[in-house]
Structure formats: structure tokens, C-alpha cells
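Data block below; observations after.
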């Protein structure tokens with residue numbers, strides 16, 4: 001009994017570590033990118049090319065990791081990697097278009113809508129069902145973050161199409177990460193190492209043209225300064241941790257859990273934006289933050305309640321012992337797969 005509890009503690013600690021890394025790096029990169037791309041900052045308005053830089057550094061880290069033996073390379077069909085990279089790149093480009101063509105309020109609403117979209121996709125693709133408590137907690141989080149972020153909503157046809165494309169492709173991308181990991185028994189960082197070079201090459205080739213369409217300027221016309229270069233390097237470093245932690249989180253948790261818990265980052269961004277960039281903070285923002293946090297607490301309780309209900313279901317009949325043995329065998333295999341996915345345990 002004590003041995004089982006001791007085995008759960010490292011897993012719980014690594015789960016918290018992966019989530020903390022994701023929140024810190026995700027919030028940090030938003031702050032760095034805002035300073036880098038805003039007109040009051042360095043005016044580097046080439047978001048798609050910048051994302052190419054991010055994946056180029058991530059690919060380099062993956063190559064070094066494979067060369068030094070920190071991670072093993074497993075085979076994944078090239079067509080699956082190309083398909084996933086295409087979906088991921090469409091997601092990034094559509095998000096940039098959505099942010100450009102829509103108000104910040106509508107852009108945030110489109111991000112919130114990924115939660116129900118992921119739920120529907122997991123229901124359709126994986127026949128996954130959710131309890132009433134989980135559904136209610138998702139609604140509380142959506143309402144809370146919606147109140148917190150939405151100020152004005154100005155919808156136009158092009159922006160709406162881009163937002164819908166971004167929501168669908170990003171939701172599909174997040175579900176695909178978990179599916180590929182399970183299908184090929186591949187670790188999160190190993191999968192990232194395989195897709196990052198493809199995404200880097202494609203974004204660096206087509207990114208400048210996308211950015212020209214968005215801003216009317218080519219990156220070659222930008223006057224680079226030492227401070228701007230340092231900010232770009234900081235952004236790239238944070239992107240590496242953000243990408244790694246995103247794969248770790250989705251590998252450990254379901255895509256829906258990642259989406260719901262991910263809106264904690266929105267609250268952090270709004271708070272830091274208010275403190276650092278003097279963004280407006282109204283009573284509605286504060287009330288939304290509180291409601292979102294309450295929703296996340298309810299969500300945690302609902303998930304634990306659902307686990308307890310499933311654990312109390314004891315199979316009856318003459319084949320019950322065989323089913324128990326199969327269940328234990330499956331849990332052992334899944335436990336081994338999880339250890340393989342834990343990047344921190346590779347060379348700890």
C-alpha cells in the first residue's frame with residue numbers, strides 16, 4: 001500500500017511540474033511577444049516568421065537531445081507527420097489572421113469555444129462521454145473567462161471565417177497529439193522533435209509571405225537592434241519550453257482537461273497585462289477571474305468524482321477475475337507508457 005502511494009507521488013509532482021512549466025512559459029512568451037511586436041515596443045510585426053524561429057530552435061534542441069541519447073527516436077510515418085504539421089501550421093496562421101481581423105474580445109471568444117469543440121471532437125472521434133458535473137464546470141469556466149475578457153465584439157465575415165478555421169484546426173491539433181502518442185507509443189518530446197523541423201522549414205519558407213499579407217512589410221525591411229534581437233531570443237527560448245510543456249500536458253491529461261486548465265493562463269495574462277502594460281482592469285474583469293478560478297476548482301472536483309465512481313464499479317459474474325487481471329495488465333502497460341512520456345524522468 002505504501003509502495004503504491006510512493007509511486008503516485010513522483011507522478012503527481014511531475015504532473016504539477018509539467019503544468020507549471022506550461023503556464024509560466026505560455027504567459028511569459030505572450031508578455032515577451034507583446035513587447036516585441038507592439039508599436040510601443042520593438043515593432044517586430046512578423047508573427048508567422050517569428051513562429052518559424054521558435055520551431056527552428058525547438059528542432060535544434062530535439063536534434064541535440066537525440067544525438068546525446070537523452071531521448072530515443074521512434075518511427076512515425078512521414079505522411080502522419082506531414083498531416084499533423086499542416087494542421088498545426090494552419091492553426092497558427094489562422095490564429096494570426098483572426099487576431100488581426102477581429103477585436104481582441106472576439107479573438108478570445110473564439111479561443112474559449114475550443115473547449116466545447118474539443119469535447120464534441122473527442123465524443124465523435126473517441127466516443128468519450130462526460131459527466132454532468134464536468135459539463136457544468138466547463139460552462140462555469142467558459143462564462144467566467146468570457147466575462148473576464150470580452151469587452152467589445154465586432155464581427156466581420158473574413159474574421160469570422162478565420163476564427164472558425166483557427167478553432168477547428170487547433171482543437172484537431174491538440175487531439176492529434178494525444179492520439180499519435182498512444183498510437184505509436186512515442187514520448188511527447190520525441191513527437192515534438194519529429195514535427196518541429198517540418199513546421200520550422202514550412203513556416204520559414206511561407207511565413208514571410210503570410211506576414212507581408214498581414215502587415216504589408218517584408219522582414220528584410222526591419223531594422224534589427226541589439227535589444228530586439230535579445231527579445232527575439234528570449235521569445236524563442238520560452239517557445240521551446242512552451243512547446244515541450246504543451247506536449248507533456250496533453251500527453252498526461254486529456255485534450256479537454258488541457259483546454260479547461262489552460263484558461264488559467266488567460267487570467268494570468270490579463271493580470272500581468274494590467275500590472276505591466278497598464279491594461280484596463282474593471283470590476284467585470286475581476287469578477288470573471290474569480291468565476292473562472294471557481295470553475296477550475298469545480299472541474300478538479302468533478303474529475304475526481306468521476307474517477308471514484310468508475311473505481312467503485314466492480315464487475316460481477318464468473319468472468320470477473322479475468323476482467324480484473326486484464327484491467328491490471330492494461331494499467332501496467334499504460335503506466336510504462338506514461339513513464340516513457342515523462343521527459344524529466346529520462347535523465348533525472
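Glycine is no exception: its Cβ is also placed from the backbone N, Cα and C atoms.
Here Swiss-Prot flags 12-32 (among others) as transmembrane segment, drawing on sequence analysis.
Per Swiss-Prot, transmembrane segment is recorded for 44-64 (among others). For the transmembrane segment (44-64), same-chain residues at least 6 beyond its ends with a Cβ under 8 Å from one of its own Cβ atoms are 33, 36-37, 71, 92-93, 96, 189, 192-194, 196-197, 199-200, 203-204, 206-208, 210-211, 214-215, 217, 219, 222, 228, 231-232, 235-237, 239-240, 243-244.
Long-range Cβ contacts of the transmembrane segment (81-101) within its own chain (Cβ-Cβ under 8 Å, at least 6 residues beyond either end) map to 47-48, 51, 107, 110, 156, 158-159, 162-163, 165-166, 169-170, 172-173, 176-177, 180, 194-195, 198-199, 202-203, 210, 214. Positions annotated as transmembrane segment by Swiss-Prot, on the basis of sequence analysis: 81-101 (among others).
Residues or ranges marked as transmembrane segment in Swiss-Prot: 104-124 (among others).
Annotation comment: Swiss-Prot describes 133-153 (among others) as transmembrane segment.
Summarising the annotation, Swiss-Prot assigns transmembrane segment to 160-180 (among others) and lists sequence analysis as the type of evidence.
The transmembrane segment feature in Swiss-Prot is assigned to 196-216 (among others); the stated evidence is sequence analysis. Through the fold, the transmembrane segment (196-216) approaches residues 45-49, 51-53, 55-56, 58-59, 62-63, 81-82, 85, 88-89, 92-93, 96-97, 100, 243 of its own chain, all at least 6 residues removed from its boundaries and within a Cβ separation under 8 Å.
Annotated transmembrane segment per Swiss-Prot: 230-250 (among others), in sequence order. Counting only same-chain residues 6+ beyond the ends of the transmembrane segment (230-250), those with a CB under 8 A from a CB of the stretch are 18-19, 21-22, 24-26, 28-29, 32-33, 35-36, 41-42, 44, 50-51, 53-58, 61, 174, 177-178, 188-189, 191-192, 196, 258, 261, 341-343.
The transmembrane segment feature in Swiss-Prot is assigned to 257-277 (among others).
Residues or ranges marked as transmembrane segment in Swiss-Prot: 286-306 (among others).
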